[in-house]
Amino acid sequence: MNPVNILNSDQLAITITRLCQQLIENHGDFEKTAIVGLQPRGVFLANRIVKVLHELTGVSKIRHGALDITFHRDDFRRKDTPAIPSETQMNFDVEGLNVVLIDDVLYTGRTIRAGLDALLAFGRPSRVELLVLIDRRFSRHLPVQADYRGRTVDAIASERVSVDWKETEGKDQVTLYATKKEL
Amino acid sequence: MSSLSVNHLLGIKNLTREDIELIFETATNFKEVINRPMKKVPSLRDITIANLFFENSTRTKLSFELAEKRLSADIINFSSASSSVKKGETLIDTVNNILSMKVDMVVMRHPNPGAHYFLSQHIDASIINAGDGTHEHPTQALLDAFSMREKLGDLQGKKVVIVGDIMHSRVALSNILCLQKLGAEVMVCGPTTLIPKYIESLGVKVEHNLKKALIWCDVANILRIQLERQDIAYFPSLREYTMMYGVTMEILNSLKKEIIIMHPGPINRGVEISSEVADSKQSIILQQVENGVAIRMAVLYLLAGKIERNS
């Protein structure tokens, strides 16, 4: 099976704008809101969303940070090598804030569980929502669902969804790969 | 994704440059963790660590204990003063007894050089050297180099002088090995009697004049005189040592540049370092202590990652 393009650059831009409109609907002027991207890949999406929110609302200061979940993962010592962490940049407490956790792909839900755990180190948020670009449904290991989703994808376990960004891969796109050998 | 090339931290000698870089990279992340409002992460919650201190320690023991607690490990402490070692038990027996309580890692300080290596050949647990006699003290060297790097960037070509009792110092040997692996030039400075004869074979420079050494260096790491390890008199009096090798504001001001002052502690104010120098802005003694916790968390995290589950 050839790689399937799920979203091209234009479609991705439209989807992000739509997600931003939904955020504005619920969060207004973002006075009590923090946008938190999960390291490493969720941060690109979070940055993009903050940029678009800024353009749409004119609010110049939207709290946003990057959260690394490595030390909170539940698969430590189940892999051959320990996972190497990325940088956490949280310059604010989330005490009493509405937090929007952002990741690129929601798959088993384990990353989000670790993200919720890691977030508690920065205070008790009043509410936490989850925004994902791609929701791989029917593949959850934990009861985690997204509040905002860009595109829902049905993919089997052997397939892989990859989100590319202009900043790192040179092109905005979402692709579905069949990683296992075809029969 | 990478991991350490070793299963134990016995000494800097056994580490590669890549290992050291990996420890530093991980420690940078843990430094952010210990500055959070909530300073604890759950990574090592299924790991039990025994801290075995057969020799006195304050800073290292507290630092390891804090690092272990910040990683959510379970810990048991032991110090030889209150143990069966006094009743004639051997090291292997003591440690095996502790391990049969299902302990995964051992952090040990022992007065005999090589005790950790010996133990690693006989028991089944990950061993971390917290100081073995006058041999090595790897986590101290790692945190020293990490602190230097925070101040100076890449250590390639940087000049570091270690001043004081080189002969009885495990910090000196570990520092020399670690700094050389990172590409720094190392000089040792002290009275002839406190500098081991073979030291030049490690590729370090030797200087007996403090001022000349300080003019040469970017960083001065000042060591304590280890009176408790000195069986004979190596110099006429402490007062004379202070006059020749005590680092004072006067001598620092006479240099044409600002060098970084480090000390692994405990400091003897007014002996090897004056109070003014210890409290000056050139001194990073307290940053070293903070970095110590982050470095030890990194070492524990990376070694724990290599322990197989259910074995």
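A Cβ is built for glycine as well, from the same backbone N, Cα and C atoms used for every other residue.
Residues or ranges marked as domain 'Aspartate/ornithine carbamoyltransferase carbamoyl-P binding' in TrEMBL: B:8-150.
When secondary structure is read from DSSP and collapsed to three states, B:GLY265 (carbamoyl phosphate binding site) falls in the coil class. Taking a C-beta cut-off of under 8 angstroms and a sequence separation of 6 or more, B:GLY265 (carbamoyl phosphate binding site) has the following same-chain neighbours: B:ARG59, B:ARG224, B:ILE285, B:GLN288, B:VAL289. Positions annotated as carbamoyl phosphate binding site by TrEMBL: B:ARG59, B:THR60, B:ARG109, B:HIS137, B:GLN140, B:GLY265, B:PRO266.
Taken from TrEMBL, the feature L-aspartate binding site applies to B:LYS87, B:ARG170, B:ARG224. Around the Cβ of B:LYS87 (L-aspartate binding site), 6 further Cβ atoms fall within 10 Å across all displayed protein chains. Under DSSP, B:LYS87 (L-aspartate binding site) is assigned to a helix (H, G or I) in the three-state scheme.
Positions annotated as domain 'Aspartate/ornithine carbamoyltransferase Asp/Orn-binding' by TrEMBL: B:156-303. DSSP labels the residues of the domain 'Aspartate/ornithine carbamoyltransferase Asp/Orn-binding' (B:156-303) in these numbers: 67 helix, 24 strand, 57 coil.
The number of other Cβ atoms within 10 Å of the Cβ belonging to B:ARG109 (carbamoyl phosphate binding site), over all protein chains shown, comes to 26.
Annotation for the binding-site residues B:THR60, B:GLN140: lowest Cβ count within 10 Å of the residue's own Cβ, B:THR60. In sequence order, B:SER57, B:THR58, B:SER63, B:ALA130, B:GLY131, B:VAL171, B:PRO264 are the same-chain residues whose CB sits within 8 A of the CB centroid of B:ARG59, B:THR60, B:ARG109, B:HIS137, B:GLN140, B:GLY265, B:PRO266, the residues recorded for carbamoyl phosphate being left out. Looking at B:ARG59, B:HIS137, B:ARG170, B:ARG224, the binding-site residues in this record, the fewest other C-beta atoms within 10 angstroms of the C-beta turn up around B:ARG59. Same-chain residues at least 6 positions away in sequence with a Cβ under 8 Å from that of B:PRO266 (carbamoyl phosphate binding site) are, in sequence order, B:THR58, B:ARG59, B:ARG224.
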